[in-house]
Amino acid sequence: MGSLQNKAEVLHMEQDKWSSEEAAVDIAEAKRGEIDEREGHAALKLDKRGLPLVPQPTDRKDDPLNWSPWLKFFILLQVSFLAFLGPMAGAIVNPAFVPLSKQFHITVVQASYELTVYIVAAGVGPLLTVPLANVYGRRPVYLFGNLLAAVTNIAAGYCDTWAGIMVTRVFNGIGAGSPGAIGAATVCDMYFLHERGFYMGIFTFLLTNGPHAASLFGGFIAQSLGWRWCFLIPGYVQLGVFVFTIFCLPETLFSRRPTTLANRREHSFMDLLLFRHSGLQDRKLRFGDFFRPFYMLRYLPIVIPGFYYMTAFGFGSVMFAATGSSLFRSLYHFDVAQTGMLLSIPLLIGCLLGEMSAGWLTDYMVYRYAKHHGGRREPEPRINMVALAVLCPIGIIIDGICLSHFKTVSWVGAAFGMGIANFGLQIATTVTYSYCTDCYKPQSSEISCILNVFRNVFSMTISFYAIPLGDKIQYQYAWLTFALIHVVFLIPMVVLRFKGIQWRNSSWQKPPTFHNDI
């Protein structure tokens with residue numbers, strides 16, 4: 001009986017960190033729930049396949065892990081839409097770079113710098129807001145970030161100077177970047193490990209495709225109503241969503257520390273909509289909290305996927321957005337609406353097909369591994385899907401070749417290349433977020449924040465060199481160079497698949513101890 005008690009305690013520790021020793025639980029005994037309740041131990045809770053749930057939920061109704069599937073999904077859709085709306089509003093003006101350049105008497109490349117400024121702010125801004133979300137709650141950060149994005153978008157629509165637009169883009173990025181940076185943490189708040197890949201995939205699909213959908217809407221808006229409405233319409237939409245989330249988006253931050261639970265009454269759904277119940281009362285904001293995302297850089301399971309993901313997103317998405325308006329106008333003589341469609345539809349289709357081949361399948365791979373390893377769950381099997389993600393660099397190469405031979409190759413070839421690239425990009429995104437948050441679930445907000453920094457800071461530089469390099473050495477060779485850079489960062493991911501468990505269990509990769517109560 002004592003041995004069984006130890007195994008149960010080990011399983012509960014798995015909520016805080018991954019290790020093969022901690023996860024070595026006898027599933028047959030766990031199924032029987034033979035825990036000595038006389039000594040204060042509760043029976044292990046199992047999933048539908050008979051494996052212990054990770055993390056183990058409490059018995060409280062206000063524990064997000066215990067909420068109904070429909071409520072969880074309703075919250076997931078809100079959070080995912082907020083993550084979608086920010087980048088969509090930030091990129092909706094991309095097809096209008098040409099009319100924007102004429103309005104302010106600048107070059108098309110200079111007009112694209114407004115996107116660059118937005119991307120930088122969206123990458124750096126969450127470094128300030130994520131620590132607030134870990135202390136005062138996710139809900140206030142979602143609401144404030146979306147409201148700031150709405151106000152600055154509307155302000156940009158009325159600007160008459162280029163400097164004014166650039167200033168609004170800075171604050172817009174700070175506000176719009178926050179939902180994308182803490183959304184993965186909200187997914188981890190509500191879902192167990194065995195189902196997290198599927199639901200994380202929904203979040204990452206909307207996060208990735210905000211800019212892609214923006215190109216479709218932006219082209220028609222810019223051509224029919226003018227570039228100002230590319231700022232105004234998203235701003236008013238964000239304002240409407242802000243009002244909706246005030247009444248419908250509850251707090252999901254929940255502490256599992258026994259002392260906290262003992263002094264905390266159960267909260268109703270209405271309680272979780274009120275700011276006085278947001279956050280963790282036993283936590284205080286400290287100056288060091290703002291550096292915790294960088295603390296995660298000491299872990300190879302974060303750094304390796306981070307570099308891999310930033311090149312996939314930068315070259316597989318942002319590069320097309322930053323160069324498409326200029327290239328498709330000059331090479332194929334597309335108007336604004338046509339450019340918007342080409343920068344949208346192929347990418348959306350590619351990402352949709354990619355996600356259909358990603359999230360649920362990574363969950364199944366984790367289950368298969370656990371089934372054949374005594375119930376021991378490890379995140380590394382999710383990395384198997386990078387075999388399909390190799391289509392990202394292949395698509396980039398195809399697009400570059402078609403652009404260089406535009407006189408003999410139809411624009412359809414370029415569209416096909418972008419679609420193939422985004423098929424791989426979506427798989428890479430879902431694998432990265434799912435794997436990293438599985439490795440260090442309590443630190444999921446810091447992880448998503450640092451991935452956000454990697455992605456945006458790297459992407460903001462692309463508009464400075466992509467077109468100039470293509471003009472100098474031909475687009476097929478420039479795009480080939482970018483694809484090879486991405487492949488260089490793909491190789492360590494393959495190594496991580498086979499060495500990740502060993503590295504995470506080594507003394508020099510000891511898991512962090514902060515936030516282990518969530």
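Glycine is treated like the rest: Cβ placed from N, Cα and C.
Predicted, not measured: the structure shown is a model, and the values here were computed from it.
The compositional bias 'Basic and acidic residues' feature in TrEMBL is assigned to 9-20.
Taken from TrEMBL, the feature domain 'Major facilitator superfamily (MFS) profile' covers 75-504.
Per TrEMBL, the feature region 'Disordered' maps to 1-20.
The annotation transmembrane segment is assigned in TrEMBL to 70-93 (among others). If you look at the transmembrane segment (70-93), the same-chain residues 6 or more away from its ends with a CB under 8 A from one of its CBs are 64, 100, 114-115, 118-119, 122, 142, 145-146, 149, 153, 169, 172-173, 175-180, 183, 186-187, 190-191, 199, 202-203, 205-207, 209-211, 213-215, 217-218, 221-222, 227, 230-231, 233-235, 237-238, 241, 244-245, 248-250, 252, 269, 321.
Within the chain, the transmembrane segment (113-133) has long-range Cβ neighbours (under 8 A, six or more residues past its boundaries) at 86-87, 90-91, 93-94, 100, 140-141, 145, 165-166, 169-178, 180-182, 185, 253, 285, 289-290, 292-293, 318, 321-322, 445-446, 448-449, 452-453, 455-457, 459-461, 463-464. Look at TrEMBL and you will find 113-133 (among others) tagged as transmembrane segment.
Per TrEMBL, the feature transmembrane segment maps to 140-158 (among others).
For the transmembrane segment (170-192), the list of distant contacts is 47, 53-55, 64-65, 67, 72, 75-76, 79-80, 82-83, 85-87, 89-90, 117-126, 128-130, 133, 138, 141-142, 144-150, 152-153, 156, 199-200, 203, 207, 252-254, 433, 437, 441, 444-445, 447-449, 452, 456, 518: same-chain residues at least six beyond its ends, Cβ to Cβ under 8 Å. Residues annotated as transmembrane segment in TrEMBL: 170-192 (among others).
Below 8 angstroms of C-beta separation, residues 72, 76, 79-81, 83-96, 180, 183-184, 187, 190-191, 230, 233, 313, 317-318, 321, 324, 336-345, 347-348, 351-352, 355, 358-360, 422, 425-426, 429-430, 433-434, 437 of the same chain, each at least six residues beyond the ends of the transmembrane segment (199-220), sit close to that stretch. If you look up TrEMBL, you'll see 199-220 (among others) marked as transmembrane segment.
Listed by sequence, the residues of this chain that lie at least six past the ends of the transmembrane segment (226-249) yet keep a Cβ under 8 A from its Cβ atoms are 74-75, 78-79, 81-82, 85, 88-89, 92-93, 96, 99-100, 103, 139, 142-143, 146-147, 149-154, 156-158, 217-218, 273. According to TrEMBL, the transmembrane segment annotation covers 226-249 (among others).
Summarising the annotation, TrEMBL assigns transmembrane segment to 299-322 (among others).
As annotated by TrEMBL, transmembrane segment applies to 342-362 (among others).
Positions annotated as transmembrane segment by TrEMBL: 383-406 (among others).
Summarising the annotation, TrEMBL assigns transmembrane segment to 412-435 (among others). Distant neighbours of the transmembrane segment (412-435): 184, 196-197, 200-201, 203-205, 207-208, 212, 301, 305-306, 308-309, 312-313, 315-317, 320, 328, 342-343, 345-355, 357-359, 362, 379-380, 382-383, 385-386, 388-403, 406, 448, 451; these residues of the same chain sit at least 6 beyond its ends, with a Cβ under 8 Å from one of its Cβ atoms.
Marked as transmembrane segment by TrEMBL: 447-467 (among others).
Taken from TrEMBL, the feature transmembrane segment applies to 479-498 (among others).
Looking at 140-158, 299-322, 383-406, 447-467, the range that has the most CB pairs within less than 8 A of the transmembrane segment (342-362) turns out to be 383-406. Contact between the transmembrane segment (479-498) and the transmembrane segment (140-158) is absent: fewer than three CB pairs lie under 8 Å, with pairs separated by 6 or more positions in sequence. Outside the transmembrane segment (447-467), and at least 6 residues removed from its termini, the chain residues within Cβ reach (under 8 Å) are 109, 112-113, 115-117, 119-120, 122-124, 126-127, 130, 177, 180-185, 293-294, 296-297, 302, 305-307, 309-311, 313-315, 317-319, 322-323, 326-327, 432-433, 436-437, 440, 478, 482.
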